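Annotation comment: Swiss-Prot describes 54 as active site, nucleophile. Annotation comment: Swiss-Prot describes 321 as active site, proton acceptor. Summarising the annotation, Swiss-Prot assigns domain 'USP' to 45-363.
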């Protein structure tokens, strides 16, 4: 299973923060006043920049804020899936989450995790700027592949206006699919004979168009994504009833809502040789995001979502910088993560014009259950793999 633009003239070095903080867009949030002694809380840990790896650090901080995912690794549940097959990425991810939640340091290095990912995707070892959304897809896919198991499940299908339920062949599920996987349903209506067919597609990230160059809301982006499309001319589809290509109307709804829904804003616009970044100020709610208008009525459960993490992007297509805002389940406070720099921020500062990815949860996060750090039951073959890493 596979889950499914940057143009400054000078790439900014990994630790050259001054160039970014001179940008107006980088000064749109304030941290809370620092006390003389900053207490260290679980899950509030900085990450070292290993050379243009801010994209990775921002994604790791967001995943570190997803308590059900963290609990799965801290409790050792992932180890059962690795008894026979060792995934270096998964093992390194588990060790990193443990360090970020149970370690004593204010900052840790993700070098081992980057090395494991880079062994599969060498592009991430080049110390060049990468796209945070693409990195998230790679990480979720690798974790799913390592932790998946086969099971039979029921799938609902809508036929001729009625809902039916049928068994399907074994499906591959994991902690990743249980948390992040949703399903889109496409209703395709032939405009000639009015026959209707349906198609389903799973997703882990929804990439949303931005309908304005200046200012809009998340709801505006969602309405643009889910608006009915008409397929004409070269986009006509084959109608099995008419036995010829016809114009068609396509309506998209959500037929399965995920526990964690990730929105990606299409800020990078590339048309031929012309590249630009859309700097639209997108307003998004911190609480009570209602997706009911976009959910198929048959499966409607009226879930309300609360924001739990944000990935911000500063700069342009070929040279930019990523940071993250994450809500901690222990303190219930928001924190800004800028590589090794960590600071608490007020709720009012979470809304920025630089948001690139939004993580929403339909359930409040609790403090992750965990084993003692000394209780290491990692399989021996995984430990041997770890010893090979730098």
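Using the three backbone atoms N, Cα and C, a Cβ is placed for every residue, glycine included.
Computed from a predicted structure; not experimentally measured.
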May I ask for the distance between residue 54 (active site, nucleophile) and residue 321 (active site, proton acceptor), taken between their Cα atoms and rounded to an integer number of Å?
6
Specify the secondary structure state of residue 321 (active site, proton acceptor) as given by DSSP, simplified to three classes.
strand
